[in-house]
Each structure stands twice: as structure tokens, then as C-alpha cells.
């Protein structure tokens with residue numbers, strides 16, 4: 001367009017010059033000097049030629065620029081097509097990656113289940129092999145005692161008949177040598193064996209033949225104990241105070257505290273030594289520096305003395321690592337495994353214990369608290385959390401409270417938010433946190449999913465799906481809690497700080513012991529509230545994490561005291 005206008009303007013200039021030349025030729029005064037007019041005409045002719053040359057040059061430049069513009073437009077269209085195809089490929093890659101991550105999570109769950117099953121089978125096999133070996137050793141000892149008794153009787157008769165002291169000494173030496181030889185023969189049947197997972201098993205009678213896929217011949221760091229130190233035959237009906245040193249050391253190794261067995265052999269005389277010991281004795285005599293190890297041992301000894309059977313005691317520290325996967329906190333598996341946190345310790349965890357385990361996020365504290373409450377409600381059923389979607393169309397809040405982190409990610413994929421589902425890995429979000437925590441809202445979930453604030457339609461869609469998931473009653477409670485005075489919203493960056501003792505509290509340290517039950521993440525003996533068909537966290541369980549939770553707990557306690565004072569009057 002610009003080139004066309006420039007060409008038209010140049011043509012108009014040429015026409016005007018041509019008309020001017022004709023006008024001057026026609027109106028030349030006859031009396032004027034012809035030379036001056038000729039000079040002017042020649043000058044104008046030169047200007048005309050130069051203008052024509054400039055116009056031609058400009059025309060060529062305009063044509064060249066037009067060609068360049070057309071080339072650029074064609075390349076722009078081509079790049080636009082490439083960009084669209086790249087965006088389609090990226091979208092397909094995201095969907096493929098999401099499906100692969102889903103398969104990876106399912107495979108990890110299956111691998112964890114198979115590992116637990118393998119450990120259980122190895123434990124049963126080891127226990128059965130030890131029983132069989134003990135029975136064989138018992139038979140051998142009984143046969144040897146009968147043989148020695150008969151042989152000693154014959155020897156006494158021979159010595160009595162010969163009345164020779166030297167003969168008696170010689171025969172007595174033969175008896176001892178024969179007994180030692182029999183012990184050596186029977187002890188060879190109890191060989192050092194090691195499985196691929198580190199378990200201990202007795203040797204098979206036909207172990208001489210080579211079998212592919214069998215047990216390894218090398219003995220690693222965990223070697224089997226000798227028959228004299230065998231503790232598998234301990235009678236659980238015997239009080240713990242009467243257990244021998246070997247039985248106590250064997251129990252420590254079974255309980256996951258095998259690193260303290262060597263020092264325990266030097267200090268422990270029987271079970272009463274551990275029952276009468278203090279945590280300071282554990283640290284001094286056994287070298288138990290980890291406070292959670294001391295706490296684990298204390299609760300186990302307390303269970304022995306009180307003779308109470310807890311369902312949580314059946315869950316070992318390996319199950320706890322899988323439980324951390326289910327609630328969305330796999331990053332703490334190494335710390336929990338190193339501290340040997342088992343099912344019994346879970347219900348007695350305090351805020352300081354979690355800080356020792358390097359759990360500093362306030363959101364993660366709330367996640368563990370709600371998960372422990374779900375375990376309490378389900379009586380520590382190891383399979384209470386749901387990992388796979390079921391056939392229900394609209395799940396009820398009582399079903400959602402048992403959802404694992406993986407199940408919440410499946411729900412996000414069902415509501416068309418599959419590209420944001422992987423962001424929940426390691427966030428600690430599970431069904432118990434969504435339902436039981438009043439400060440957890442759709443805004444908190446949007447922050448964890450990294451949905452930008454400018455995507456208002458996407459956030460509105462998430463809020464609608466979230467309200468349909470938790471139910472109208474729970475949403476009403478969350479709104480009321482959010483509109484209360486002094487409400488502090490739940491953020492993803494808030495940290496929990498350890499409690500500091502003031503100067504007024506140092507005087508009470510010698511008078512009374514600190515009550516840890518007030519600092520438990522999820523108190524045990526507190527009465528549970530049932531809301532919307534779900535057992536909710538009571539007021540005592542809301543203390544210790546934020547000022548707003550403490551104010552809410554006080555309001556619930558005041559409401560309860562008012563109801564109790566009004567009932568006698570009525």
C-alpha cells in the first residue's frame with residue numbers, strides 16, 4: 001500500500017513538471033533574453049530526469065519490499081502451523097506422562113505390598129525352621145542323655161568289678177570325648193544360611209545338591225545365633241522380669257533395636273533390668289542416643305507390665321513406611337524407618353517428635369494428625385485406606401475420609417484436572433485431611449496444585465467439584481470457621497516451631513513430670529465428635545498447632561459446659 005501511494009505521488013510530480021515546461025514554452029516573452037530561458041529549460045529538464053530516475057529507483061525498492069513482505073507472511077503462516085502442531089504434541093505428551101505416572105504409582109503400591117508379603121512369608125518360614133530345629137536338638141539331647149546314662153552305668157559296673165581307679169578315670173575320659181563328638185555332630189546340622197533378603201533359616205537335610213535360585217552360601221552381617229543362645233523357644237506366658245539375658249536380647253533384635261544388643265549383653269542380667277531402668281539408663285548403658293528409640297522401648301516395656309493388648313502393636317515400622325506413602329508423605333520414610341516408628345508409637349507421637357523426624361511443615365503436621373485419627377476410628381485396621389476408585393458414582397463424606405493420596409489424585413483426573421494431579425505427590429493431602437481439617441478449603445487445594453490465580457475459571461471449577469465432594473454440611477462448617485473472628489488461613493509455607501520453656505516454668509520441672517498427653521498430635525482418650533456420619537476430631541485434638549485452633553477448641557469446651565449446667569436445671 002505504501003509503495004503504491006509513493007509511485008502515484010512521483011507520477012503526479014512528473015506530470016506537473018511536464019505541464020510547467022509546456023507553460024513556460026508557451027508564455028515566453030519575445031523581448032526577454034533567450035539564453036536565460038534556455039538555461040532555465042535545461043535546468044528543469046535535468047531536474048525532471050533526476051526525478052524520473054529517483055521514481056524508478058523507488059519503484060524497484062517498493063517491489064522488492066513487497067516481495068519480502070509476502071515471503072514473511074508465508075513464513076509466519078508456516079510457523080503458526082508448526083506451533084499448533086507442537087502444542088498438540090505437547091498436550092498428547094502430558095496425557096501420556098500422566099498415564100505413565102498413574103501406572104508407576106500403581107506398580108509402586110504393588111511392589112510395596114509384595115515386599116511386605118515376602119517379609120511375612122520369610123518370617124513364617126524362619127519361625128517354622130527354628131521350631132523344627134529346636135525339636136531335632138531336643139530329641140538329640142534326650143538321646144544323648146539316655147546314651148550317657150547307660151554308658152556311665154556300664155562304666156561304673158566295670159570299675160566296680162575291676163576295682164581299679166585308673167580304669168575309671170580312663171573310661172570317664174572316653175565318656176566325655178564321646179559326648180563332645182555327639183555335640184559336634186548335631187551342631188553341624190545347624191549351619192549358617194542367609195536368604196536374599198537377609199533372613200535366617202536352618203539348613204535343609206538335602207542341602208548338598210546344587211539348586212538354582214536357592215539360598216546364598218555367603219554369610220553377611222546378620223549371622224544366626226548358636227543353639228545355646230536361641231531365644232525362639234521362650235515362653236510368652238513367663239513374666240518379662242524372669243526372661244533370661246538371651247531372651248531379652250533376642251526380643252530386642254526382633255523389635256527392630258538389634259544395634260543395641262551387644263551393649264545389652266554386657267549390662268542386662270534379665271528382664272527386670274530393663275523394667276527397672278530409666279531413659280537415662282538406656283542412653284548410658286545401651287548407648288541409645290535416639291530419643292524415639294528410648295520412647296519405643298519404654299512403651300513396649302509398659303505394655304509388658306500392664307499386660308494390655310493394643311491393636312496398633314501389630315503394625316510394624318515397615319507398615320508405617322507404606323502408610324506414609326498412602327497419606328502422601330513419602331519424603332519422610334527414611335526418617336521414620338531410622339527411628340523405627342511402628343503402629344504403637346504413631347498414636348503417641350508429639351509435636352516435638354515430629355520435629356525430631358524433620359517434619360516442620362504445619363500442613364504436614366495436620367495431615368499426620370488427621371491420618372492418625374482415621375486409624376483410631378478404624379481401630380488400626382491396616383487396610384482402612386482406599387487406594388483405588390470404586391464403582392460408586394457420588395462418594396459420601398464417610399467414604400472420602402478413607403481416601404489415600406493416590407485416590408485423591410484419581411479424583412482429580414475424574415474432574416478433568418489430570419495435568420495438575422502429579423503436583424499432589426508429597427503434599428500430604430488425603431481424604432482425612434480434606435474432610436476433618438476445617439481450614440482446608442478449595443483455595444488451599446488450588447495452591448497445592450499450583451493453579452495460577454489468573455485462571456479464575458479453572459479455580460471456580462475446582463471449587464465446585466470440591467464442594468460436591470465434601471458435602472454441604474462440611475462446606476457449611478468450613479465457611480463458618482473461615483468467617484470466624486481471628487481466623488488464620490492455612491498456608492503451604494507455615495512452619496511449626498518447637499515450644500520454648502519460659503522462666504516461670506523452670507521452677508516446676510523438679511516438682512512434677514511433664515505430661516506428654518497434652519502434646520500428642522492426636523489424643524487417644526478424647527471423645528470423638530460425630531458430624532455428618534463421620535467421627536470428627538474432638539476439641540482436645542485441635543490444640544498445639546495454631547492459635548485459631550486453640551480458640552475453636554475453647555469454644556467447643558465452653559459450649560459443652562453450658563449444656564451440662566443447663567441439664568440439671570431442666
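Each residue, glycine too, has its Cβ placed from N, Cα and C.
Listed features, source TrEMBL:
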COILED    34-89  coiled coil
COMPBIAS  561-570  compositional bias 'Polar residues'
DOMAIN    243-307  domain 'SAM'
DOMAIN    320-378  domain 'SAM'
DOMAIN    403-434  domain 'SAM'
REGION    551-570  region 'Disordered'
TRANSMEM  165-186  transmembrane segment
What are the helix, strand and coil residue counts for the domain 'SAM' (243-307) according to DSSP? 48 helix, 0 strand, 17 coil
Taking the domain 'SAM' (243-307) alone, what is its mean pLDDT? 89
What residues in the same chain, six or more past the boundaries of the domain 'SAM' (403-434), come closer than 8 Å to it by Cβ-Cβ distance? 94-95, 98, 101-102, 105-106, 109, 325-331, 361, 363-364, 366-368, 370-371, 373-374, 385-389, 440, 445, 448-451, 458, 461-462, 465, 469-470
